[in-house]
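Take a look at the structure below.
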Amino acid sequence: MIDVNNFHYMKIGLASPEKIRSWSFGEVKKPETINYRTLKPEKDGLFCERIFGPTKDWECSCGKYKRVRYKGMVCDRCGVEVTKSKVRRERMGHIELAAPVSHIWYFKGIPSRMGLLLDMSPRALEEVIYFASYVVVDPGPTGLEKKTLLSEAEFRDYYDKYPGQFVAKMGAEGIKDLLEEIDLDEELKLLRDELESATGQRLTRAIKRLEVVESFRNSGNKPSWMILDVLPIIPPEIRPMVQLDGGRFATSDLNDLYRRVINRNNRLKRLLDLGAPGIIVQNEKRMLQEAVDALIDNGRRGRPVTGPGNRPLKSLSHMLKGKQGRFRQNLLGKRVDYSGRSVIAVGPSLKMYQCGLPKEMALELFKPFVMKELVQREIATNIKNAKSKIERMDDEVWDVLEEVIREHPVLLNRAPTLHRLGIQAFEPTLVEGRAIRLHPLVTTAYNADFDGDQMAVHVPLSKEAQAEARMLMLAAQNILNPKDGKPVVTPSQDMVLGNYYLTLERKDAVNTGAIFNNTNEVLKAYANGFVHLHTRIGVHASSFNNPTFTEEQNKKILATSVGKIIFNEIIPDSFAYINEPTQENLERKTPNRYFIDPTTLGEGGLKEYFENEELIEPFNKKFLGNIIAEVFNRFSITDTSMMLDRMKDLGFKFSSKAGITVGVADIVVLPDKQQILDEHEKLVDRITKQFNRGLITEEERYNAVVEIWTDAKDQIQGELMQSLDKTNPIFMMSDSGARGNASNFTQLAGMRGLMAAPSGKIIELPITSSFREGLTVLEYFISTHGARKGLADTALKTADSGYLTRRLVDVAQDVIVREEDCGTDRGLLVSDIKEGTEMIEPFIERIEGRYSKETIHHPETDEIIIRPDELITPEIAKKITDAGIEQMYIRSAFTCNARHGVCEKCYGKNLATGEKVEVGEAVGTIAAQSIGEPGTQLTMRTFHTGGVAGSDITQGLPRIQEIFEARNPKGQAVITEIEGVVEDIKLAKDRQQEIVVKGANETRSYLASGTSRIIVEIGQPVQRGEVLTEGSIEPKNYLSVAGLNATESYLLKEVQKVYRMQGVEIDDKHVEVMVRQMLRKVRIIEAGDTKLLPGSLVDIHNFTDANREAFKHRKRPATAKPVLLGITKASLETESFLSAASFQETTRVLTDAAIKGKRDDLLGLKENVIIGKLIPAGTGMRRYSDVKYEKTAKPVAEVESQTEVTE
């Protein structure tokens, strides 16, 4: 066997007949498979043991030689070599064809390679190959052109006139003769000359032909090899034949296809030996050609060959294609051993790095480890005995299992794995029952809930794999989301509610204003019921020992609440005491107004003070997230995950104590709701009157009515929120961010509002009832449209989103950080992204975590804030924006010069860790997942709103697909191709509008449809590429008008626009990586003196290399223009044919690669997965291959012996 990690590239080409014979271990002469009585393979048949090797290990067919000691012997009776039966997976056979046969891929594919090479139309080729016409191979004195087609009658006429003086043939033989006669060098010269003179269609045809001729010439493939004389037969184990229970046989379709070929081939041989009439031989040759076509690609030409039940047979091509093909089914993803799956349940008592594994499952997964340990401890005598102990589940087995799984992480995965947080590592603990226990905080990353979701468990086996799982994949290490660098493990639902309830303050709480010496007294008082969680109290500030308190503050009393004292115990000591949910309090210090000088208090003491003070807002979900981010910024990951665990315990404990429930009585209906509705009803009447008088159009009336009712709902919502009691459980749930929002609440207690019809149009009759009052039948019926649409949308769009992610990953999978600094001299100018006046993405977010490309001075003090190639940290970013600077040049993936992938400096910091990115990080895949994963949210957003009108987005996912596929957008904007001034805007014919732009040397007029809104005015100066009407720009056109940089920025802005409108934050750098992949190619306009072909797509780096070479030798360089490719096209145009073939259009990619003799240097991830090498990213990179793993760390259990949450 080859060592997979030891080869550097893979090459593909056409096989010559000699090559095919050299692979083969013998010719298959008979169509038989196995003998129906003995069930042994027939000699010389498709499963013959003499050709393909023995069916049983170390045993010949007739049984004369058995056992290993005869290894390598060839039996004198049956001729079978004694060896392992595994050779039947790798030994090939062959068929010697009685007549040459064309290979359907090269004759039928688009464009037909054979046709281009011979300069014949595919139809002419088909007529010759399938014996409908003769082709002239050698015209002799006939005056015919070479390659002319002759019908049967014409051929006879000529044959009678010039017997034996000219040659015309039918079938693949004629084509083969023509192909053998081609002189590639001569052809090349002729074509190059033709390029100089030709125009139009002749030019395009010449370029296509040139490409094929060049391919053959450079690859060393001979054109005649497209015609087969010998057919290889793949090894029998790959097209098996197995016996089913009932004694019948199931066989791979390939065997049927091979049998047809062999039968027809043998018949043809016999006919030729007998000297049968020409017409019969011809018919047989045609049938042989068709049989070989069906074997290689069934259904490509004519009707496919069908098996029993009219099912088309799967040919060799089908074995590679599609989701069930070899590439995607067996090479890119395999089923693995040491894995299990089960339903998940919540494990509130787990630590951040733990999961609960059901005992039986753990025993099965760790079976070999347990067996080894049992034998080592001498509990079992041998492996067999250990195995039976495990199967009996003896008591001692469990103790050993506990020992084995300690410190052995397992991977948990939930499908669909949309981003890298869909697989994380945990340390298993054994649990009773049959459900996997999952830590509640990681559910967000997995997008899991406990309504029946299932998860898969995998065991990393080798020491290196375990080390990687522990260091890189442990859940406690993955706190940040790679798409925006924000914490992904924020508490949710009960945990939020518990902490919210804990930090709530109430006016009427028992013993308000009590003063305590220290926190212990407070906790004792709370335990005894002297104070409530919500009681506002005072505590001597000095007892906190808080380093952020000033001396002055330490002499005073801190006014706070009992709950907040409990909450602050989980916060690290060096933090300010958190008394109000503000960034000021969190990042700097506790505000001074909460420190009260006891001497200034009046008669009523602190109680009187509290009566005059407003209540402080409790801590909601967003603020908890901010706390986590702040702790993460200041401390290690370990401290953060400890705090998260404490926050989780606190949340669960107090949400249980709060006992928050929802009852019908909690839904308070608004008293003056009817009055609001009546007012708006009057407004609608007025609009209807105006319409009836003909003052407004139908469209205006409809829009006005919809606006009136939307306003009514907003008003009711506003008043509801005002009138609500702050301790109302539903309000608490929505206010804390645990579940639900204002809109849900309005539907329960106010009115449901407007609904959308199935078409997506809003029905102007609103639902005035709320769920509390109950809906009328009509209202209920209208409601169902929205709900149904929500469900249908989700189902359809989830698939779309998954497919988008797949295409994105495919186009960017070879973008890996490959060097520290590419040394580019260009930068990207960034500023706020705005749409009109609306902010889409602020400047500060765009520069943070990137490297600067210029020196930035403070405009007033002139001090240097940052120098080129320095990382912009959050502090520096704040300094830059505070100094009033609104734009700057930064390093960007757009301007990176790295040949493959990007460099560290152009990428910036790694968002998943918050550190600088390291060489080997697979940033392309991360970018693709970061853009693809929220795609599902874009889609699912419609579903969660319960089908209320207005929240369903049309611009979401379809717009993202439109951008990345570089399609012509719907609602296209008109752009100007010249710089100048808008001279005139007038009506043109067919109700169109005409915009005239006058430039320095020319005047252009642009037509816009009558309905589109024009956004320029007469006399307004416009730049090249500026938008004249509202709408989306067609990116390909924009590229040629406005240039590369403008197009990159435009695509970036458009993608950000869609996501930010949905409230999804994605870092720019991910979009940059993707857009860069779409702009990797240029189209050659003139080839100059280089070897490039005009009109061909070439990688930018190859283009610059060719030109550099030309300049060196004082030759004419080539010229080219940048091309924007959609992601699907870009994936198929990648340098690696393995990656492209496994993506889409497998046969086309492989045909092309074989003719060009392409070599795949295995630079991307996919290619290496396919051939089974370590991927060249992360620890699989060459530079890390000598890193060894050793164990030095203390067990985690010791690190974790920390104080638990205060009771």
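Glycine is no exception: its Cβ is also placed from the backbone N, Cα and C atoms.
Swiss-Prot annotations:
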| type | residues | note |
| --- | --- | --- |
| BINDING | Cys60, Cys62, Cys75, Cys78 | Zn(2+) 1 binding site |
| BINDING | Asp449, Asp451, Asp453 | Mg(2+) binding site |
| BINDING | Cys822, Cys896, Cys903, Cys906 | Zn(2+) 2 binding site |
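Annotated features taken from Swiss-Prot, shown on the structure.
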{"residue": "Cys60", "record": "Zn(2+) 1 binding site", "Cβ contacts under 8 Å, 6 or more apart": "Glu49, Pro54, Lys66, Met73, Cys75, Arg77, Cys78, Val80, Glu81, Val82"}
{"residue": "Asp449", "record": "Mg(2+) binding site", "Cβ contacts under 8 Å, 6 or more apart": "Thr443"}
{"residue": "Asp451", "record": "Mg(2+) binding site", "Cβ contacts under 8 Å, 6 or more apart": "none"}
{"residue": "Asp453", "record": "Mg(2+) binding site", "Cβ contacts under 8 Å, 6 or more apart": "Val343, Ile344, Arg414"}
{"residue": "Cys822", "record": "Zn(2+) 2 binding site", "Cβ contacts under 8 Å, 6 or more apart": "Cys896, Asn897, Ala898, Val902, Cys903, Lys905, Cys906"}
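It is Cys906 that, of the binding-site residues Cys62, Cys75, Cys78, Cys896, Cys906, has its Cβ surrounded by the most other Cβ atoms within 10 Å.
In the shown protein chains, 22 other C-beta atoms lie within 10 A of the C-beta of Cys903 (Zn(2+) 2 binding site). DSSP gives Cys906 (Zn(2+) 2 binding site) a helix state. Listed in chain order, the extra residues whose Cβ falls within 8 Å of the Cβ center of the Mg(2+) site residues Asp449, Asp451, Asp453 are Ile344, Ala448, Phe450, Gly452. Excluding Cys60, Cys62, Cys75, Cys78, which define the Zn(2+) 1 site, the same chain contributes Glu49, Ser61, Gly63, Lys64, Tyr65, Asp76, Arg77, Gly79, Val80 within 8 Å (Cβ to the Cβ centroid), listed in sequence order.
One way to see the shell of the Zn(2+) 2 site is to take the Cβ centroid of Cys822, Cys896, Cys903, Cys906; the remaining same-chain residues with a Cβ within 8 Å of it are Glu819, Asp821, Thr824, Arg891, Ala893, Thr895, Asn897, Ala898, Val902, Glu904, Lys905, Tyr907.
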